[in-house]
Amino acid sequence: MLQTRKVGIVGIGHVGSHCALSMLLQGVCDEMVLMDIIPEKAKAHAIDCMDTISFLPHRAIIRDGGIQELSKMDVIVISVGSLTKNEQRLEELKGSLEAIKSFVPDVVKAGFNGIFVTITNPVDIVTYFVRELSGFPKNRVIGTGTGLDSARLKRILSEVTNIDSQVIQAYMLGEHGDTQIANFSSATIQGVPFLDYMKTHPEQFKGVELSVLEKQVVRTAWDIISGKNCTEFGIGCTCSNLVKAIFHNERRVLPCSAYLNGEYGHSGFYTGVPAIIGSNGVEEILELPLDERERKGFEDACAVMKKYIEVGKSYKIV
């Protein structure tokens, strides 16, 4: 008997609903359970999603449910919480931790033994506490981390160079937030080092400063939120891409929030790094070379992670 790919999503707001739609449109799962603090919303989204069935790559079953239904899933996506205009992601911490405490221990107690994928901000910190609350191995608790930020960097570099973003390899590292850094020194365009490409194409980079491009990536979320009150499409695709890599055992290198255990000289917390993603979740973290500026920026981001983990611990949710 073929195995059914089952996904649960907790938190069906702008982000959760678009994660659901992205996974359905890409044929990532066969069964989906939606859960929200407002049950009527989850039910309505489930019906709305079912109305897309005749347009999907293959048949899928979508329904609303609770803890017992979620416990039977292979992957649970956590997208609870909200972000308002001008709010720093780290200012969401207490509310986000209270939200995950309300269901993570219960779904594990009910028998869930799959993989958690966290989107809820501040994602690196929340992912850390999802692991603490669940007691799961570090590889089976993953955050979307700098996955979307890296996609934004690739888009911006594509706009500057007029080259397809799919042949650009470039990563944002560290916090999914204001201290993230662009790893320009390891970036490539179809195998050509990005910094070498800059030197041989000075006309394309006239007046372009890498520090400005980096800040543009960081500002993108706030610009979107300022205009439409939320981000949803990009993160929906980021989540879908990550879940697909798990289900298909793709062993793709994807930027995500992964638990450091000596990599990059750090241990004991989650942050945005490239990792090999397969059926076991995070199979391996890849360590990219960092220049002096990038190393300092990464160290600063790690300091932020450690600081806010301590803040999170002060709330005594575990």
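The backbone N, Cα and C atoms fix where each Cβ goes, and this holds for glycine too.
Here is what Swiss-Prot records for this protein:
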- Val15, Asp36, Lys41, Ser102, Ile119, Thr120, Asn121, Thr144: NAD(+) binding site (BINDING)
- Arg89, Asn121, Pro122, Val123, Asp124, Asp149, Ser150, Ala151, Arg152, Thr231: substrate binding site (BINDING)
- His176: active site, proton acceptor (ACT_SITE)
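Only Thr144, from the binding-site residues Lys41, Ser102, Thr144, place their Cα within 10 Å of the Cα belonging to Asp124 (substrate binding site).
The Cα of His176 (active site, proton acceptor) lies closest to that of Pro122, out of the binding-site residues Asp36, Ser102, Pro122, Ser150. For Asp36 (NAD(+) binding site), the nearest of the binding-site residues Pro122, Ser150, Arg152 in terms of C-alpha separation is Pro122. Comparing the binding-site residues Ser102, Thr120, Asn121 on other C-beta atoms within 10 angstroms of each C-beta gives the minimum for Ser102.
Counting only the Cα atoms, the space from Asn121 (NAD(+) binding site) to Ser150 (substrate binding site) is about 17 angstrom. The Cβ of Arg152 (substrate binding site) has 22 other Cβ atoms within 10 Å, all protein chains considered. For the binding-site residues shown (Val15, Ile119), fewest C-beta neighbours within 10 angstroms: Val15. The two recorded residues, Lys41 (NAD(+) binding site) and Pro122 (substrate binding site), have Cα atoms 24 Å apart. Those residues noted as binding NAD(+) (Val15, Asp36, Lys41, Ser102, Ile119, Thr120, Asn121, Thr144) have their most widely separated CA atoms at a distance of 24 Å.
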